């Protein structure tokens, strides 16, 4: 798994979730423009095996989670328009693990999601006004256990 460290000027918010899995970090130089969410089951079920692919160009990509035994059967591609300013969703237990079960991304122009089951404990990563999310970090293994955001001034 690729590991990229955030620039020293970036602030962090989060992570939310549990401490299972291994740490990952994605802080591209270019703006985020696409997030691919992969699920096992249908998109209205849980993100029990979510695989999140963040990208800012064809060569600056990281995929986290989704390495468990269930096949990934559904993919949702989110083409980001604007600056991401908030991440929210649900954390809930799945097979004994507290994991990210649904997720929503909000930009200064629109909302994307929520994707996954609307059940569990809500979480919200909202950054201070005048800033934008420029990268993500967290823990993952079979599941996306935790997620946080790097942010900087617009």
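Placement of Cβ uses the backbone N, Cα and C atoms for every residue, glycine included.
Among 14, 21, the residue that Swiss-Prot places alongside 97, 141, 142, 143, 144, 145 at the carbohydrate binding site is 21. Listed binding-site residues: 21, 141. The one with the lowest count of other Cβ atoms within 10 Å of its Cβ is 141. Across the domain 'Jacalin-type lectin' (10-153), the prediction's mean pLDDT works out to 83. Taken residue by residue with DSSP, residue 97 (carbohydrate binding site) is part of a strand. Other Cβ atoms within 10 Å of the Cβ of residue 143 (carbohydrate binding site), summed over all protein chains shown, number 29.
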